[in-house]
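Asker: Structure in C-alpha cells, see below.
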Amino acid sequence: MAALGGSGRSVPVLQAGLVPSLSQHLPTAGLRSLRLLVLHSNLLASVPAGLARLPLLTRLDLRDNQLRDLPPELLDAPFVRLQGNPLGEASPDVPSSPGGLGPSGSNLWLAPSSLSFPVTPRGCSVTLACGVRLQFPAGATATPITIRYRLLLPEPGLVPLGPHDALLSHVLELQPHGVAFQQDVGLWLLFTPPRARRCREVVVRTRNDNSWGDLETHLEEEAPQRLWAHCQAPHFSWFLVVSRPVSNACLVPPEGTLLCSSGHPGIKVIFPPGATEEPRRVSMQVVRMAGRELQALLGEPEAAVSPLLCLSQSGPPSFLRPVTVQLPLPSGITGLSLDRSRLHLLYWAPPAVTWDDITAQVVLELTHLYARFQVTHFSWSVPPSFLSPPSPVCTAPLTPSPPRYWLWYTTKNCVGGLARKAWERLRLHRVNLIALQRRRDPEQVLLQCLPRNKVDATLRRLLERYRGPEPSDTVEMFEGEEFFAAFERGIDVDADRPDCVEGRICFVFYSHLKNVKEVSFYRGTVPVQVPEEAEAARQRKGADVLWMATLPIKLPRLRSSEEPRRRAGLSLAPLNLGDAETGFLTQSNLLSVAGRLGPDWPTVALHLGVSYRELQRIRHEFRDDLDGQIRHMLFSWAERQAGQPGAVGLLVQALEQSDRQDVAEEVRAVLELGCRKYQDGIRRTGLAPKDPALPGSSAPQPPEPAQA
C-alpha cells in the first residue's frame, strides 16, 4: 500500500499556498512535459517568464491573483487567463486607520524575496508581497526594530478551531513574538469568503502567551472576491482568519445586565443585581440546525429543535443569584398547544460524552414563543491558560469547549445519544471522493475531496480531460479532519530505485488484478510504516473503522521498446553466443546455466547490465514461476548480445561477481570443450596447419640458394 496525505478542507489541483512569488518556488527546468497549470486565487504577485517557453503548455490559469505586472511573453500568450488581476494598476496605499502616519512616515512595498523590514519610531506603512498590509503609527515603537514574517500552511497542532469554526486563510506569523507596541498596529489580511454567512461572522484569531483570542475585526471589500479582515494588533504572534457563529459578549457588573444574541434576538441571558461580586466576562454563540436534517436523523416528521446556545464565562463557576436563560421554542411549536411530555431541555459540558436531559431539574416557564429557566452556573471553571483577561481588543477568548443548552420536541424518550449525533451532524461536511486519470497520460491520477453540492459541476469540467469511476458514496467529515489516500491490492512499488522518464520521477506500479488498481481513502494521518495488504484489508472492518471509500483505477500499459517482443512471446531461436576464439554457448548450454542460478539470478542480472525496471517487470510477469524468471532474463539478455564480441566473457565475469564461482567454472569447462571440438573438426577437414611435432609430418625445407 502506498499512501498520500491530504486534508478535509480542500484538495486543489495545484496548491501554491499563497506564495507571493512563483519565481522562487517553481523552477521551469523540469516542467517541459507540463500541459496544464492552474494557479488561480493564490495571491501571486509575480510569475517567471520561463513559463511561456514550456513546449507542451496549453493552459495557464492565473485568474484572481495580485499580478500588476507580467512578462511580455506571457502577456501576449493566447493560453494565459488573467481575469481578476490588477494589471497595469499602481499599488494602492494602505487604508487609513485611526492612528494615521506621522509626517515622517514612509510607505514600503516588499519584494517577494524580502522576508523582513525595519520599523522606526516615526512609523510606516508596509505591504507584504503576499498581500498583507500593516500600518505602524508614529510612536508605536520606542526604538528601531526589525520585523520578520512567514506564511505557514494550516496544521491541526497550530490552528485552533472551535467545533463550528471554519478556516479562511493561511497562518501569518509576525516576529518577534510578544513585543508589546505603545500603539496598536493596523493589520489587513486577505481571506477567502465563507460559503455560509447567515448568523456567522469573520474574525482574526491570534495567540497571546498560551491562549488564543479573537480580535475585534472589520471587513473591507476591494472587489467582489477580494475581502480584507482589518484589526488592531497590540502584539505580534500568529494571525489567521476564521469564520465562526456570531458571538456576543458583555462584562457583567454587580448591578446586573442583559445579554442578547444579535443573530437571534429572542435568545437572552438576564443577570439580576447581585449575581456576581466582581465583574466577569460572559459570551454566547448560537448555532441553528435545519429541521429536515433532524427529522431525517430521527425518522420523525414532527420532531423539532431550538437553536443551540453556547455559553462561556470567566471568573468563579457559580453565580450568587440565579440567572435566567430564554430560548425560543422549537420551530412550529407554540406554548399553547405543545405536549410538555415531549419537550426536553438538554445540557452538555466537557468532558461529558453525552447530553443530559435536565428537564426535571429546572422549572420551565413557557410563553407563546419562548421557554425560560434559571441556572446558577454555566459550567465548571475554565483553566486560566485558556482565557484572556477582559480587553477592549479581545472580544471572545477561545475556551476549550463551552457548555450548551438545547430544546428538543420529540416523541423519543432517551434523547441524549440522539442529541450527540445531531450535534456532530452540525459540525460535519458531506463530501464525495473522486479518483480520475488524465486521458492523454493515464499515469497522472487526480484525487479530490469535494463538497457534495459541487461534485456534478466539477465533474462536468474535469471529464473533458479526465476519466475514471463514479464518485464515492457521500462521506461525512469534520472541518479540518485529515485523511490520506492509499494505492492498494497487489501493488509493488520500489521507492529506493525510481526511474527518471522525461524529466519526471517515475514509480512503476505492478498489479495482480489484470491492470486494475484500487485507491482507498482513510481518516487520519499517513502512517509512519505503510501496512501490508492483509493489514490494510483489516482496516476496512471493525467498530472504529478509518476506511471511507475505495475507487478503482486502470494502470497504463508499460511503454517500452520491448513491447512488440513481449506481445509476440519470448523468442527461443537457436543461439550461438560467443566466437571461435573464446568458445560458443548454445541454447542448451544457457538452459543448463539457468537451472543452476536459483534465487541468485537478480544479482547476476544486475551484473549483466539488466536495468532495475526490467528486473521488476520480469518478477511481475513470472511472479509464480522462478524458473520462468531466470530463463526469461537469461535468454532476453542473450538475444540482445547476439553477434556482440565478448558476451561470453561478460557472463563469466557476472557469475564470478555474484559469488557463483561454481557456475562460472562450468561455463569455462563448456567453453574449453567447445574449443577442443572446434579445433579437432578443423584438423579433420585438413584446414588446420600441420604440427611438425606430430608423427608423419616433416618440417618444411629451406629453399636452395640460387645459382650464379
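Every residue, even glycine, has its Cβ placed from backbone N, Cα and C.
In case it helps, TrEMBL gives these features for our protein:
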DOMAIN    113-245  domain 'ZU5'
ACT_SITE  H235  active site
ACT_SITE  S237  active site
DOMAIN    246-378  domain 'ZU5'
ACT_SITE  H377  active site
ACT_SITE  S379  active site
DOMAIN    586-671  domain 'Death'
REGION    682-708  region 'Disordered'
Asker: Just going by other Cβ atoms within 10 Å, which of the active-site residues H235, H377 has the emptiest spot?
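Answerer: It is H377 that, of the active-site residues H235, H377, has the fewest other Cβ atoms within 10 Å.
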Asker: Per DSSP, what is the residue tally for the domain 'ZU5' (113-245) in helix, strand and coil?
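Answerer: Across the domain 'ZU5' (113-245), the residues distribute as 0 helix, 77 strand, 56 coil.
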Asker: Across all the protein chains here, work out how many other Cβ atoms are within 10 Å of the Cβ of S237 (active site).
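Answerer: The answer is 18.
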Asker: In the domain 'Death' (586-671), how many residues does DSSP put in helix, strand and coil?
Answerer: 69 helix, 1 strand, 16 coil
Asker: Can you count helix, strand and coil residues in the domain 'ZU5' (246-378) using DSSP?
Answerer: 14 helix, 59 strand, 60 coil
Asker: Tell me the Cα distance separating H377 (active site) from S237 (active site), rounded to the nearest angstrom.
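Answerer: Taking the Cα atoms only, S237 (active site) lies 34 Å from H377 (active site).
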Asker: Report the mean pLDDT of the predicted model across the domain 'ZU5' (246-378), rounded to a whole number.
Answerer: 87
Asker: List the Cα distance (Å, whole number) between H235 (active site) and H377 (active site).
Answerer: 34
